[in-house]
Amino acid sequence: MEISGYQTRAELLLRNYMVSDSFIIYSSVIDGIFACKLVYDLSQIFTSIYFKCYAKLSKSQQVEWNNRSISTVHAILVTTMSLYLAFWSDLFSDNQLSGLVIMQSSTVSTFVLGVSVGYFLTDLTMILWFYPSFGGLEYLVHHLLSMIAVTYAMLTGEGQLYVFMVLVSEATTPGINLRWYLDVAGMKKSKAYLVNGFMMVFAWLVARILLFIYLFFHVYIHYDQVKHLPSFAIFLLCVVSLVLTMMNLVWFWKIVKGLKKTLAKRQ
């Protein structure tokens, strides 16, 4: 009878844990989608009041303006949380005694990933709806790969450390959006536009080139743990990381080329 009682309590705890975990996942994704809608509406209101150039934009440009507000807010929040969880907190520390580092997760980390899934779903929907105005095939590939990897880590709790490392690359998004804002506002010849170009090159080099090199190094020195991941997780880790790295290198070359062009025009 005593053993049966312990078994019943264990099953009840497991059932409660699964229900609680599912609630976190679904609520975070929904919160992410509603947050995107809220930011879009607030951007539409405040931009029309404080930026005179907004009224002169086409309808498509106004939608893109507000869409970029969403990606900017998401980038700031997810970069901050990713840096904290991946590098400053003890969640993914090698000193953890509760299991493999690459298998670690928490309620907070899962919730952050869920919010990002909500963002990627929203942004991907808008890209498809206005295709190709908001970006071509490369943006679709980038968002699809990112969403699949983030969703897998959210649902399984596996490889969350590497997902957060990749999400730190969102730190480049505010600079990219600011460049677009300056462009449509007719400020391509301003000093702010030039400074933005240099900042983009630096941010891209750190967040999308050097950080990815560190990611591959971390995978190498933790291969004894990585090999315990399921085959699909290893596939995602290898394919998504490599494809995004190649895309980052191509985009970095374009950014540097664009900065050189801007400097040449000022001479």
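These residue numbers are counts, starting from 1, taken along the chain as shown.
Yeah, the Cβs are placed from backbone N, Cα and C, and that goes for glycine too.
Copied from TrEMBL, the annotated features are:
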DOMAIN    60-264  domain 'TLC'
TRANSMEM  69-88  transmembrane segment
TRANSMEM  108-130  transmembrane segment
TRANSMEM  137-155  transmembrane segment
TRANSMEM  161-182  transmembrane segment
TRANSMEM  194-217  transmembrane segment
TRANSMEM  229-253  transmembrane segment
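Counting only same-chain residues 6+ beyond the ends of the transmembrane segment (161-182), those with a CB under 8 A from a CB of the stretch are 64-65, 68-69, 71-72, 74-76, 78-79, 81-83, 85-86, 92, 101-102, 104, 109, 113, 116, 146, 149-150, 153, 188, 190, 192-193, 196-197, 199-200, 203-204, 207-208, 211-212, 214-215, 218-219, 237, 240-241, 244, 248. Counting only same-chain residues 6+ beyond the ends of the transmembrane segment (229-253), those with a CB under 8 A from a CB of the stretch are 102, 138, 141-142, 145-146, 148-149, 152, 156, 158-159, 162, 166, 169, 201, 204-205, 208-209, 212, 215-216, 219. Looking at the domain 'TLC' (60-264) alone, the prediction's average pLDDT is 94.
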